[in-house]
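Working notes for the structure below.
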Amino acid sequence: MVLPKPEMPFFVLLLFLGLGCLRPAAATDERFVFNGFTGANLSFDGMATVTSNGLLMLTNGTNQLKGHAFFPSPLQFQRGPNSTAMQSFSTAFVIGIIGAFEDLSSHGMAFIIAKSKNLTSALPGQFMGLVNSANNGNATNHLFAVEFDTILNSEFNDMSGNHVGIDVNGLNSVDADNAGYYDDGTGDFKNMSLVSRRPMQVWVDFDGQTMQVNVTMAPLEVARPKKPLLSKIVNISSVIDDTAYVGFSSATGILFCRHYVLGWSFKMNGAAPALNISSLPSLPVTFPKPRSKTLEIVLPIASAVLVFAVAAAVFVFMRRRRMFSELKEEWEVTFGPHRFSYKDLFHATDGFSDKRLLGIGGFGRVYRGVLPSSKAEVAVKKVAHGSRQGMREFVAEVVSIGRLRHRNLVQLLGYCRRKGELLLVYDYMPNGSLDKQLYDQGKITLRWAQRFRIIRGVASGLLYLHEDWEQVVVHRDIKASNVLLDADMNGRLGDFGLARLYDHGTDPHTTHVVGTMGYLAPELGHTGKASKASDVFAFGAFMLEVACGRKPVAQDARDNRVVLVDWVLDRWRAGAITDTVDPRLHGDFVESEASLVLRLGLLCSHPLPGARPGTRQLVQYLEGDVPLPELSPTYQSFNMLALMQDQGFDPYVMSYPMTSTSAGTFSDLSGGR
């Protein structure tokens, strides 16, 4: 049957509409072009803004800040919500980096594709506003970037201080090369300086079928080279979810620098539109001002006067310089952010005045100070250079420990080296060390609630050291004198002078047996390997000490050695374990909590490492998340004093008093009220 002609267009229209409905939404091509950014609709944060002449300025020269600019709407990179197939995309942009010096800049910038425009957790400096030290490389970042980096950062395995890299979820590039391009005529590689203050054009192309990323760059006046600078297969489907935002990120460090984008184009499933070079705004260029004739006359006279004045001041200056001289070596550049100037520490402690002296530890004196710039209270420990390991390795370990961040750890802020001394800078703890609170007659007796909170806090800090940080940190000297109390009487584990670091999943190395008698696990006498289990043993002794108000090893009235673990175990066998709680509490304690602490302390003190609970279990027991198994006193059938003698610790007791450690006490990093 033939339809009447008037109805034919309507039928055809319905047919095309029906076919159009079958076309997936993901096939819609996204395309935009910005020849300059005047009036451009972009999303900004940080320092990013558009200048009066249309430049997208990501950073304005302010130190240690970041800037981001994004196309405001998310783009669909996967071909459909239930598909992992990726769409191809292409982008072209012109950038420029203007530093204070032609051959030196302050970190770089990056083209980015991100799941979210919110990068508030990212850090400036070497992190370029993309990630931070904790999440660098995490798959949950969902971040793809092409970086233009002007600083060599060894922590990211950078190849040079002038390179281009392809980044996935972090700043350890999956592919990188020195900035430059391949000449189409000769095939020779032409170097480019990212900090030349000249505009550079960049093309980034991704093939959704082959998963190949090509990055090409050239000076603005050079046509696009045929051979890309970088070419890498990258499975972006595992990085980018269905939709993502495209834009730019940059950050500054300690030097003056501005990062600019002059123009930008983007297209999904096709070549990015060519930018109109003649329409792009110009980069600011700093030219030296012509010297005036007046300056030519005045300058020689002023120079002569200045030389005389400088000569008069040199003697005073040199004396002050010698006074505040420090020992610095080239390898310490890596640890720069963790280094304090001796001058600041000198003024902070009033010239290391005796009035500021908190105490004298095993390695040196400890002073209370107030940093002149931040007014923060600190404890400064002056340590003599030891020979137990190379200074470079020692400083590296100090800096590594300085990166620990937990509310129940004393923060190591940094260090300074000078004339045979190493100065360590810590947070100041106003309420002193726990052992002083437990044993000093003039102190008010700690309430049970305070003791239980301190025990749980130190356990939380120990879990962070053992399992939650990037490396395993074995403390090796857990005891009451190494637990400091902040202004709110929260316990913070400190003194990492004996601590050892090793990677998760590896075995600790054999070392000299060091620590404090009464806290040393029995197996250390024959294995020499400090481990998480030996730390748990020391923590068990610590729990008993806090609950009972007695030292792990002491002398009775008849000069007999009394081991706290054995005494508590005897009382448990007699059915009176809570009778061991500190009598100064006069019975004012929660019996269930005290029983838990005492029984858990005994369980941690088991002579077999495998019978002790893991650190996470220990925290779960103390927090009440998991009940402590019902154990009879016969399960702990041992005599700790006999075990210590069997393991050969008696000579060690003679060398290291029971109330001190081979590394000196950390309690001097605090002061009582």
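Note: Cβ is positioned from N, Cα and C throughout, glycine not excepted.
Marked as signal peptide by Swiss-Prot: 1-27.
Positions annotated as topological domain 'Extracellular' by Swiss-Prot, on the basis of a curator's inference: 28-296.
Residues or ranges marked as region 'Legume-lectin like' in Swiss-Prot: 32-270.
Positions annotated as N-linked glycosylation site by Swiss-Prot: N41 (among others). For N41 (N-linked glycosylation site), applying a Cβ distance below 8 Å and a minimum sequence separation of six or more within one chain yields P72.
Sequence-distant contacts (6 or more apart, same chain, Cβ under 8 Å) of N60 (N-linked glycosylation site) comprise M47, T49, G67, R258. Annotation comment: Swiss-Prot describes N60 (among others) as N-linked glycosylation site, evidence class sequence analysis.
The N-linked glycosylation site annotation in Swiss-Prot covers N82 (among others) and rests on sequence analysis. Take the CB of N82 (N-linked glycosylation site) and look out to 10 A: across all protein chains shown you find 7 other CB atoms.
Summarising the annotation, Swiss-Prot assigns N-linked glycosylation site to N118 (among others) and lists sequence analysis as the type of evidence. Contacts of N118 (N-linked glycosylation site) defined by a Cβ separation under 8 A and a same-chain sequence distance of 6+ are given as none.
Same-chain residues at least 6 positions away in sequence with a Cβ under 8 Å from that of N138 (N-linked glycosylation site) are, in sequence order, V131, N169, G170. Secondary structure at N138 (N-linked glycosylation site), as computed by DSSP, is coil. Annotated N-linked glycosylation site per Swiss-Prot: N138 (among others), in sequence order, evidence recorded as sequence analysis.
Summarising the annotation, Swiss-Prot assigns N-linked glycosylation site to N191 (among others). In the three-state DSSP classification, N191 (N-linked glycosylation site) falls within a strand.
The N-linked glycosylation site annotation in Swiss-Prot covers N214 (among others) and rests on sequence analysis. Around the Cβ of N214 (N-linked glycosylation site), 17 further Cβ atoms fall within 10 Å across all displayed protein chains.
Within its own chain, N235 (N-linked glycosylation site) has M211 as residues 6 or more apart in sequence whose C-beta sits under 8 angstroms from its own. In the three-state DSSP scheme, N235 (N-linked glycosylation site) falls into the coil class. Among the features that Swiss-Prot reports, N-linked glycosylation site is placed at N235 (among others).
All chains included, 12 other C-beta atoms sit within 10 angstroms of the C-beta of N276 (N-linked glycosylation site). The feature N-linked glycosylation site is assigned by Swiss-Prot to N276 (among others).
If you look up Swiss-Prot, you'll see 297-317 marked as transmembrane segment.
Feature annotation from Swiss-Prot assigns topological domain 'Cytoplasmic' to 318-673; the stated evidence is a curator's inference. Mean pLDDT across the topological domain 'Cytoplasmic' (318-673) comes to 78 in this model.
The domain 'Protein kinase' annotation in Swiss-Prot covers 352-631, and the record cites sequence analysis as its basis.
When other Cβ atoms within 10 Å of the Cβ of L358 (ATP binding site) are tallied across all protein chains shown, the result is 21. Mapped onto three states, the DSSP output places L358 (ATP binding site) in strand. Annotation comment: Swiss-Prot describes L358, G359, I360, G361, G362, F363, G364, R365, V366, K381 as ATP binding site, evidence class sequence analysis.
A count of other CB atoms within 10 A of each Cβ picks out V366 as the most crowded of the binding-site residues I360, V366. Put simply, N214 is the one of the glycosylation sites N82, N214, N276 whose Cα lies nearest to the Cα of L358 (ATP binding site). The shortest Cα-Cα distance from N214 (N-linked glycosylation site) to any of the recorded positions (I360, V366, D477) is found for D477. Spatially, by CA atoms, the recorded positions N82, N191, N276, D477 include one closest to I360 (ATP binding site), and that is D477. Cα of N191 (N-linked glycosylation site) to Cα of V366 (ATP binding site): a span of 53 Å. Put simply, D477 (active site, proton acceptor) is 19 Å from V366 (ATP binding site) when counted between their Cα atoms.
If you take the Cα of D477 (active site, proton acceptor) and the Cα of N82 (N-linked glycosylation site), they are about 54 angstrom apart, rounded to a whole number.
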